[in-house]
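Q: So that we are looking at the same thing, I have put the structure below in structure tokens.
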């Protein structure tokens, strides 16, 4: 084993690094006699040191596949940054596509939440993607993904596997709605431009059905171009002709939407719609319908059930759940101790089967410093069909000097 000794610069050697301290003066005759007595001592010591160095195993230039599969791939991604510091070989493995293919094959993938945040007060800033990262087994942090460019206001996004597809928006520089499409590879946080949509769209609806991306509205309602579909394999767009609901907003801008039961559910003021791309059919429900009654902005789908945050005094619960087969809302039980966040400005997402809510204790219109909190809720379905929830964690994940607006929250699998 090779050892490294440290030398101190304490003035005994004149302040010159790595220079040995000056030894006491010796008689030249004594030095000569000492050298004659042990002529091979120095050579033996050098040979011994060389032998120790030779016994040190070399740093591998390539990590064996069996080591990748058994030790690196099963690790949580939060450990990869430290692992990459060990050697260039580890850095190459962690930045390779092969590692993520192995993670998928052995079932070690994990959900990763991306949130698009804009800042509108006191000054406007374009949206940036933030990633919710787990620093250890319990601690969470919301960090900006600086390698990704700012997003256009009014864009929408869907996820397929480890990719986020961002479509449309409004370009303030040129004062126009756009048809831009970006593909974000969340394994490496890189993006590329795809073929533009056939129409410019802002504040559109988007959903993935049968592996294809459907984009609805985002422009004036017209029969022939209100819907278009993107094939991710051929990277081609096609317009989908009507019909559409006559109750839908003519401006084509909607409040919130989700994919549920292979349909795209859309909330528009007093009305609720469902678009079935397979049959090209629309369903419409009025303000008194069960579908519209408790659906609010902060909502998401888990296991084909729609969850939404509501004022507690309405239903006696903080979160309600909608089953499209039973066409009924029910309270999520077990959430008596619930953080008092500003939920009409929060954003809920499906995080690997759990509910994750990002929000603040103060309104975004309050110009003071904003602390962003994350609530993790585990879900459990009992034998009687009742859904129970448990707050697993409440974490302060970031603080901003300006008011954050949570535009989108999307979960990918990496």
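For all residues, glycine too, the Cβ spot is worked out from N, Cα and C.
What Swiss-Prot records for 20-35 is compositional bias 'Basic and acidic residues'. Residues annotated as compositional bias 'Acidic residues' in Swiss-Prot: 40-54. Summarising the annotation, Swiss-Prot assigns domain 'F-box' to 58-105. If you look up Swiss-Prot, you'll see 212-258 marked as repeat 'Kelch 2'. Taken from Swiss-Prot, the feature repeat 'Kelch 3' covers 263-302. Annotation comment: Swiss-Prot describes 305-349 as repeat 'Kelch 4'.
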Q: Give me the DSSP three-state residue breakdown of the domain 'F-box' (58-105), ordered helix, strand, coil.
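A: Its residues divide into 31 helix, 0 strand, 17 coil.
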Q: Can you count helix, strand and coil residues in the repeat 'Kelch 3' (263-302) using DSSP?
A: 4 helix, 21 strand, 15 coil
Q: Of the residues in the repeat 'Kelch 4' (305-349), how many are helix, strand and coil by DSSP?
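A: Across the repeat 'Kelch 4' (305-349), the residues distribute as 7 helix, 18 strand, 20 coil.
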Q: Sort the residues of the repeat 'Kelch 2' (212-258) into helix, strand and coil with DSSP and give the three counts.
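A: Secondary-structure breakdown of the repeat 'Kelch 2' (212-258): 0 helix, 18 strand, 29 coil.
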Q: Mean pLDDT over the repeat 'Kelch 2' (212-258): what is the value?
A: 86
